[in-house]
Amino acid sequence: MMAMTPGQAACCVRVPTPSSFEPRRHVAFLHRRPRRVTTTTATSTANHTIRNSRETAAEMTPPEKADVLRSLDGWAESNLLPLLKPVDRSWQPHDLLPDSSSPAFRDEVDELRARAMEIPDDYFVCLVGNMVTEEALPTYHAALNSFVGNDDPSSSSDAWARWSRGWTAEENRHGDLLNRYLYLCGRVDLRRVEQTIHHLIAAGMRLDAGRCPYRGFIYTAFQERATAISHGNTARRAGELGDARLARICGAIAGDEKRHEVAYTRVVDELFRLTPDEAVRALEHMMRERIVMPACYMFDGTDAELFRHYAAVAERLGVYTTGDYAELVEFFVERWGVAGLGDGLTGEGRKAQEYVCRLPERVRKMEEYARRRKVEGQRVPFSWVFDREVEVQL
């Protein structure tokens with residue numbers, strides 16, 4: 001699932017310095033506040049984004065980049081496909097929820113609901129936000145196919161096509177599992193949640209990568225690592241609240257995301273090894289344009305700033321924070337050896353290298369600023385929890 005951080009904006013900017021930082025901006029994801037979303041604006045924005053991606057595809061994806069990816073088909077066969085688990089060894093949502101065919105089903109559901117009653121609304125806001133993001137999988141599958149050049153959905157010889165289908169099949173279980181848990185627990189207004197999913201899939205996503213595989217894989221590596229952190233933190237929090245079943249549910253998803261992160265990180269490893277200049281320039285582009293969360297067009301039909309509010313709750317609960325984002329940047333800059341790239345860089349490549357290597361320090365300064373600034377809390381109603389108010393810090 002390509003979900004990086006609650007709190008990112010539909011309009012992206014360069015990383016600001018603390019001195020220019022807006023006091024009211026939600027800092028966890030280093031973006032401007034999303035513009036207000038309605039059914040009309042979300043759809044038109046998504047269509048505009050898709051159109052722009054197509055118009056700039058030729059500029060962003062030189063033939064040599066596509067050739068590099070095609071040359072890695074055998075590499076993908078050996079290094080990516082083994083990371084997909086066979087179906088008979090994979091967990092399924094049924095394994096982690098009450099068995100509807102069991103005589104004990106009603107008792108197990110009663111126990112699940114009783115434990116859910118002890119969990120506060122702010123946790124469910126984060127859980128629903130994660131689930132809504134997972135359920136927009138059709139958008140992410142289309143995006144992945146766009147930058148791996150998968151034009152034959154039934155191909156059995158193309159390793160990239162097989163990876164795309166296998167990854168999607170594994171990710172599909174995540175939304176199914178969370179959706180069924182939320183249905184059984186009785187703590188959320190599922191119709192309003194379903195409307196949010198409907199709006200999000202219809203609106204699409206903003207991906208500032210065009211059809212460029214370099215930018216696309218960098219984006220996905222970041223998203224998968226961030227998602228693993230987010231689900232891992234919801235698992236930890238569920239355990240602290242005494243709900244072992246919910247902790248296992250979130251932990252199972254986090255485990256998948258971590259494995260998928262390994263895959264996409266390996267791809268970028270290889271791109272840096274083969275074509276370091278192109279890779280570091282792609283990384284710079286994505287860092288300047290920002291890794292925008294795929295669910296930034298989230299809308300429930302009522303709250304024009306739903307995504308911003310959800311993000312603020314996630315930050316306050318520690319589900320995903322400014323510090324997590326800073327760790328992401330530091331991890332990938334070190335992992336891909338940006339500082340040690342040699343003499344093969346062009347002038348543009350060296351400028352990109354300098355920018356990227358300085359970025360972790362700038363992000364850490366923003367993290368420190370975020371910790372020190374005083375933020376007034378306010379209460380915002382969430383339709384997902386029957387319009388009950390939840391504290392946010394904006």
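Even glycines carry a Cβ here, placed using N, Cα and C.
Remember, TrEMBL labels are computer predictions, not curated facts.
Per TrEMBL, the feature Fe cation 1 binding site maps to E134, E171, H174, E257.
E257 (Fe cation 1 binding site) counts 26 other C-beta atoms within 10 Å of its own C-beta, drawing on all protein chains shown. As annotated by TrEMBL, Fe cation 2 binding site applies to E171, E224, E257, H260.
Each of the binding-site residues H174, H260 was scored by how many other Cβ atoms lie within 10 Å of its Cβ, and the smallest score goes to H260.
It is 9 Å from the Cα atom of E171 (Fe cation 1 binding site) to that of H260 (Fe cation 2 binding site). The two recorded residues, E224 (Fe cation 2 binding site) and E134 (Fe cation 1 binding site), show a Cα separation of 12 Å. Of the listed binding-site residues E134, E171, E224, the Cβ environment within 10 Å is emptiest of other Cβ atoms at E171.
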